[in-house]
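Noted in Swiss-Prot for the protein shown:
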BINDING   LEU16, ALA17, GLY18, LYS28, ASN56, ASP69, ASP103  GTP binding site
BINDING   ASP103  Mg(2+) binding site
Amino acid sequence: MTEFSIGRSEIAGVVLAGGRSQRMGRDKAGAMLGAESLLRHVLTRLSQQVLPVAVNADAAAEDVPVIPDRFRGKAGPLAGIHAAMVYAAGLPGITHVVTVSVDCPFFPADLVARLAAALERQSQIAIAASEGRSHPVFGLWPVTLAADLEAWMVTDEKRRVRDFLLRHDVTEVTFPLHPTRASLLDPFFNINTPDDLAEAERWLEALRA
């Protein structure tokens, strides 16, 4: 039996930035963390791991391709994952797409490498986890699932990422907490409110110390 492997050149990356940001009170992608926007932090971190990269959003963002949702309404992050799959499927040589969230600026620097290493077969999905919780928005998806996801979203009213995952072969990769000067940081710490953004500023300083 041949061991399955996937190379970095076969993976595209997409930042999911299409959320409504209601609790933040403004667009999260443009919120400033230190001297840069959240989107710039996440794009930089992702592009250090994989190329090409794009942003799933409704408006122009930074200097990368922007791919809007194909499903409107209350489709949530699953619509962004679908848009990411369709985008990546159109790129030559790309078999998988990794998705990350714009509100998680500290996600692991080895996210893509570890998700890719966990795959045992072409059709498998790999998702991240930490502290006993899964983070399905941080996933490595085979682009061949785009048609299946589209058909499922048309017929299913829930449109939740976790419900879609139940239909498929999934492996979960647990990432450790990251040591900082202050304490241990969950790399999937996410920013939903102004208070979260203030806390992220403190984590940023602790990481730079």
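Sequential numbering from 1, following the chain as shown.
For all residues, glycine too, the Cβ spot is worked out from N, Cα and C.
Every protein chain considered, the tally of other Cβ atoms within 10 Å of the Cβ of GLY18 (GTP binding site) stands at 22. Set side by side, the binding-site residues ASP69, ASP103 differ in how many other CB atoms lie within 10 angstroms of their CB, and the most is found at ASP103. ALA17 (GTP binding site) falls within neither a helix nor a strand when secondary structure is assigned with DSSP, and so counts as coil. Within the set LEU16, ALA17, GLY18, LYS28, ASN56, ASP69, ASP103 that the record links to GTP, no two Cα atoms are more than 18 Å apart, and one pair reaches that distance.
A C-beta separation below 8 Å, combined with a sequence spacing of at least six in one chain, links LEU16 (GTP binding site) to ASN56, PRO77, GLY80, ILE81, ALA84, THR99, VAL100, SER101, VAL102, VAL137.
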